[in-house]
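Q: Quick one: this structure, given as structure tokens, is what I'll be asking you about.
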Ligand SMILES: Nc1ncnc2c1ncn2[C@@H]1O[C@H](COP(=O)(O)OP(=O)(O)OP(=O)(O)O)[C@@H](O)[C@H]1O
């Protein structure tokens, strides 16, 4: 076992015996790279190429694992690095083999024109407390399946981290090849629904509605694509497994019709879920060991990581993208918030009816300086009432809201207030009312409708 730490480190080689892994934590400002010198090794299911250096992204915590033995070389500074032979990898790969057999059975059933249910591959949901290795296990199961030619669908319900697009979203995307060690989950074809907050307790009903929308859309896609249907889904979930969090997990199992529940590292949760679904014999609830290598991340780290995920959306993981700055008039866009939770006033209701909060109500919001530094989603919706069921085309980040910059250009002058001071000002100036934002691509926004959020990112 070898340890390391912060200061300059010379390139060093590790000879790994079969089924051993080298665990490395990369510093926030990296850089660190790895090279396979001999044998074969993989990072969370994706093989290291036989030649050349592979950069390991800053802040990442990885395990370089070998099935048959390998020598690897590290170059750069790390926060820590050590080897271990205590890994649950054999159990994980056996789980993959069972899922794979189910995929093959589903494909065969589809070829024989059997009943629709038989042609459905495994719908796997991975659950467990925070830092139990859920996202990592999902990556491995997806990459191993893709390596064998399947195109499983990755569904990410973890709005706290957002591994497909940004936090605050629930998303799904087909995985066509092992997940790239540097670029992560491919961004080309995600199906994304915007919740807008990193915590489902802010509006659990909206979270449930969005899960339902996503599940229905995937069902439609599967009905026309027997290969995707046979490959099935791997669903990642939040680490919140108590109270409302547990209720939402049950809801997710039901909504996505999961038939395999993999429970990581918590006996109590496994028992609770097993009891909860005992009347459904088609659901297998399986307990798996958590890897000792999983790194614990405190709330401050998670908050920082959320900001980095937002930054990466606009600037790229390697900081190699250049977002485009744009300006729109307030009158060119309409911003909505989903689910204010406000109750309709009694006066607006029929006599005797009690006001009930509508958690999925759409509320138009005024553009204000409070929006600076927040993320707004751009849905494909053309009408406001389509917003909740619409997936999003992308996101913009508000960099400035200009409400009161005066100009002496007197066109389009509108003043609601008729007091002497305003009337005087109105005769000289008009308010510009412009919103400035960055977007990943140049050009006009694909929709005039925007969805507000509580997600913020402060450009350094
Ligand atoms: N064997 C390992 N060696 C080193 N690092 C690991 C190992 N397994 C997982 N990690 C790292 O530990 C961290 C936490 O793992 P992961 O994100 O999979 O947990 P999680 O249960 O999904 O977390 P969350 O609570 O955010 O949902 C990640 O940075 C991951 O890369």
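Note: Cβ is positioned from N, Cα and C throughout, glycine not excepted.
According to TrEMBL:
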BINDING   21, 61, 131, 132, 133, 134, 135, 136  ATP binding site
DOMAIN    15-106  domain 'Clp1 N-terminal'
DOMAIN    128-316  domain 'Clp1 P-loop'
DOMAIN    321-405  domain 'Clp1 C-terminal'
Q: State the three-class DSSP label for residue 135 (ATP binding site), counting H, G and I as helix, E and B as strand, and everything else as coil.
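A: DSSP call for residue 135 (ATP binding site): helix.
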Q: Let me know the largest Cα to Cα distance in Å among the ATP-binding residues 21, 61, 131, 132, 133, 134, 135, 136, as an integer.
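A: In whole numbers, the farthest two Cα atoms are 19 Å apart.
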Q: Ranked by the number of other Cβ atoms within 10 Å of their own Cβ, which of the binding-site residues 61, 134 ranks first?
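A: When each Cβ's neighbours within 10 Å are tallied, 134 leads.
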Q: Which residues does residue 132 (ATP binding site) neighbour through Cβ under 8 Å, counting only same-chain ones at least six apart?
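A: Counting only residues 6 or more apart in sequence, the Cβ neighbours of residue 132 (ATP binding site) under 8 Å are 239, 264, 265, 266, 290, 294.
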Q: Specify the count of other C-beta atoms within 10 Å of the C-beta of residue 135 (ATP binding site).
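A: Total other Cβ atoms inside 10 Å, all chains included: 20.
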Q: Determine the most Cβ-crowded residue among the binding-site residues 21, 131, using a 10 Å radius around each Cβ and all protein chains in the structure.
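A: Max Cβ neighbours within 10 Å, all protein chains included: 21.
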Q: Show which residues of the chain containing residue 136 (ATP binding site), separated from it by at least 6 in sequence, have their CB under 8 Å from its CB.
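A: Result: 44, 291, 294.
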